[in-house]
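Beneath this line is the structure, given in structure tokens, with notes to follow.
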């Protein structure tokens, strides 16, 4: 790790990222060549090139969140260096103190008639003029300033990095009481012929603070490292389970059908194209009405040509929409955004399928499966509730973790379903599709209620004056349906919610689960004279809500850690892509030896240094940490020296990474200029 003073470019671009400790990425026998400490200090990453031809990867050092070290450690920059001052894009800071012009009359007027008797928003770093002291050699009457000087810092005002709201680690690395007791120093800066005065609240840099000049991958955060089971080898990339899940979602999102083999699926429906059946489409003579909607339905994935996003289309076969007043309820459903409900986007009619069809467009969640297919697709699970013939023995009841779902999973489902119902009921609507076949599960435990709003359109009664009058009754039915879903989950069988099996099902719940779960099911399934609310079951959920919240936040920590491992991959790939456009180019501007001469020859040797090294025995030396470390140092242009040896071993060139970066930038800019210039 270099311990020199950070330059402006390094501060602008350097920021820490994911965990990538330096061990052999491919398990080669090169472990004895470098010690673990050397690898940990060399495995690193750095900022991207500012001149990216394929995609502009440059960022504003003031406003970009990727350049937090620029604002965090602005105190380490020499403010008097003109190179640093004028090379940084300046941006306004509306929350900063008003700058003070040099004109004496204006200052006298401001001092005698303050705008407010006291600060509106007192802040310890924005004190009044009584606590400020002039720097030596400065005078408020040193010159005049235009009276129309703006009250909000303009773009050409002093660099806002000194007043950034980004937390500065220097503030937490040592005592600051002594600094707070002294007077603030008023700084002076002239930009564009106008002199500005401002109070510099930047804490003085603490001696001994050293930061890397290129990316160093920190280890996994301890709260995540101790959360997961230890693996035999450190993981540089995201977990295989999460990677496979994301790949499956991508495959499903991009799936298409052969139109010639599926003539029944139209190529376009309204503004949607690329339809892909999400459910098996039975032959026309075998189509059956669903038990939920009493209509034949089918489901497709389609891409909207207006925004190029995938959606899920739920088609109602043979339905003619007579009155459009029901769109009032559709508009109400469009406004509902909840993490446990599939959002309805639009409803339209079409004849693209050869009949009058009604289509509901929902958000598409790739890889989702219904609760029915995950938990109620086993025909042997109903054996406990099947009637026995004379002489057959009663089988033993199933137990938790041995035929029944764990109670923690059931409570996780209850929290999510009740949360969705609470939002829907608060909006004055009713779900009306609380059924295992209409509840989607993504991942392990994430639930979403699907097909919302379908019943409101199919059963719309135009003769009623108040179309929301029956919503309280529908909301009570939602609670009963929720109780049936919970009971079916507790019994792990849909046969348990049948009327003749209710007593046997409740006995099974009493034996295997807590009294809170039993009381919740009884409360939801029991008819009462007063109107019930989904909020009534909150006391029964109790502290289990905090358990689900904790599990959700822990899951978020794990996913963020996996994201941190991959955050630098795009930058390194762009670096390699640029290097590949330079190395071994057969000809450039009619010069066949272009890639073998000048700066390009250094880059060719650096490519061999990256990928073509061998061990003492002459075998290939493959080390992912070496490749990543060298690319990071090249991207940052560190002053470290390396030896580049020609293939015939007759030439040895000692260069720094900063020299290589200069050659790399100039060469790629030459290629890019020729590609974008006139023919």
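Cβ atoms here come from the backbone N, Cα and C positions, even for glycine.
Among the features that TrEMBL reports, ATP binding site is placed at 314, 363, 364, 365, 366, 367, 368, 369, 370, 437, 438. The coiled coil annotation in TrEMBL covers 543-581. What TrEMBL lists as domain 'Pan3 C-terminal knob' is 534-671. The region 'Disordered' annotation in TrEMBL covers 139-169. The region 'Knob domain' annotation in TrEMBL covers 582-679.
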- Query: What are the helix, strand and coil residue counts for the region 'Knob domain' (582-679) according to DSSP?
  - Reply: 51 helix, 14 strand, 33 coil
- Note on the structure: Cβ neighbour count (10 Å, all chains) around residue 314 (ATP binding site) is 22
- Item | Around the Cβ of residue 438 (ATP binding site), the count of other Cβ atoms that are within 10 Å | 22
- Integer mean pLDDT for the region 'Knob domain' (582-679): 91
- Message: Taking 10 A as the limit, how many CB atoms besides its own sit near the CB of residue 368 (ATP binding site)?
- Response: 20
- In whole Å, the longest Cα-Cα distance within the recorded ATP binders 314, 363, 364, 365, 366, 367, 368, 369, 370, 437, 438 is 17
